[in-house]
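Copied over from TrEMBL:
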DOMAIN    A:3-81  domain 'Carrier'
MOD_RES   A:41  O-(pantetheine 4'-phosphoryl)serine
């Protein structure tokens, strides 16, 4: 069942918190994963894989570079959920 | 160019089978505690392990570290970080130029949990589910690299790997870096997290482990006639070493002097000790000579003494061979009777005990000796702790590893 963007954002924030320890409130749509949240490429891959499991989507490796902000990821997940 | 600057101990930290800190561990040691515990019954049933117990860590690192730290570090790295933080805080968080601060943390086995968990993930879920941090977590230098990163230590980050001598050898290397002028402060020790069914099975296949399944807390019994192998342990011990003038200038508490290290190789057998102790005795003699001492100055030995039938006698022979009749006035403690054998962390933990023995002038009693093996020709401290003399004293700590590695460190009071 597809989730709302708000639910996806909350779920993604939990994944980011789990991986990096960042407060869930700091994970906002306008934040850049690398520039604002200081997430390196290794952590990003872990977050992507955990997001695939959590939201039931496939995020191809080629797509990851397009997910610059948290909002990009939320939009991608929302539009690709089965 | 060699300089010979004096190296002192200004901070201590540990997380071990008998305590979550260095002080808790030392207090438990003086209480004669045992770190041996039953393994999960599931391990015993699933893998039919012939050994049902090990000396597992007393305080789980997730009670001390943040969630991301535990996720991004193998347990061996987690233990090292816990011990390093304690040691650094205990030293008073010395102010030091990052390029004069170094790390040397050894391990015998490295990230075996990470390696084998990742192998399971690969087989069950495919390559995409293998964590990107798998390699940086499993590599044996992961602990020293991460500690260097966390403390901003840029003088060098080193990992000496010599099986059960790794921790001792790392401390010797760290002390040499200060003595030679490459660093002013070093965070150094050993770490191990190999209480996992595979290493348990491997050690058991060598018949190296005690199988006293009905009485785990009495299984580690160095020097006792009924000893039947070592008890696998885990944990980390880390100390802060510092150039003496650097320590004095900031008014640091000085526990003891890290005086010297002696090393040798047996070139005899990959796992068995050379029975007459020729190689081990050379390491001990070298350490005492490098400290500018004579055997008569050594009042206490923290022995390697793992509780294996062959190893304990070989070390006794080696000590006699090194020091002759002077051996009679050395109080010998086998602290693995309480902690179990922490492999690559063992030498670090026992150096820490040697430092505290000097600091508190106390040789801890060996536990679990009912019948002293008549082939052990040493003054073994048992039943009660032994007061060490006032004035200048020196103690020796032995560590030996599979591969024929012999390391002896000398700690002195001044």
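Here the Cβ of each residue, glycine as well, is placed from N, Cα and C on the backbone.
Under DSSP, the residues of the domain 'Carrier' (A:3-81) split into helix, strand and coil as follows: 49 helix, 2 strand, 28 coil. The domain 'Carrier' (A:3-81) scores a mean pLDDT of 94 in the predicted structure. The local packing around residue A:41 (O-(pantetheine 4'-phosphoryl)serine), expressed as other Cβ atoms within 10 Å of its Cβ over all shown chains, amounts to 11.
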